[in-house]
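Taken verbatim from TrEMBL:
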type     : residues : note
ACT_SITE : 91       : active site, cysteine sulfenic acid (-SOH) intermediate
DOMAIN   : 71-197   : domain 'Redoxin'
């Protein structure tokens, strides 16, 4: 039911914003070969944590460079997936679980980090990760103001579903900041190409 509503809402938003979307995508967006370290050079993400941990850390953030770049001669291999929001249907029931259950397969392929990112604050992401019992195997980050997704042209207006500015549903395989594989769903309610099983075949 929720997925159907989101799909309908997304459709209405698309119809009303074709010109805006076309204009927004008139310059380079993320693609295979994109250097995320350059595209989002001024962006930081917020590692999932409790409010008390946020206060103790003086509300610290993590730079994109620290997330994707390893300070060694061996390239850092990251699988990252983005989704419209914590606690939403497809995200909770399918997207995160697909990565959680395949974590050993990612490790076997030499992946250093499996990361989930959403346009949410880090406190919501922390509580959601706890609820899904996934915070020990997946790194959760908040993109509280959407700047990371905007830098990669992966932002999505889901106001019609009462979600406001969010993101596409997507996944990527990134080595030393360079995108080696990228999958973006046709609609945020879809779950066809951004799951763990698809990207495992692309590594």
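Quick reminder: no glycine exception, Cβ is built from N, Cα and C everywhere.
For residue 91 (active site, cysteine sulfenic acid (-SOH) intermediate), the same-chain residues lying six or more positions away in sequence with a CB closer than 8 A to its CB are 83, 84, 85, 118, 169. Within the domain 'Redoxin' (71-197), the DSSP-based counts of helix, strand and coil residues read 39 helix, 38 strand, 50 coil.
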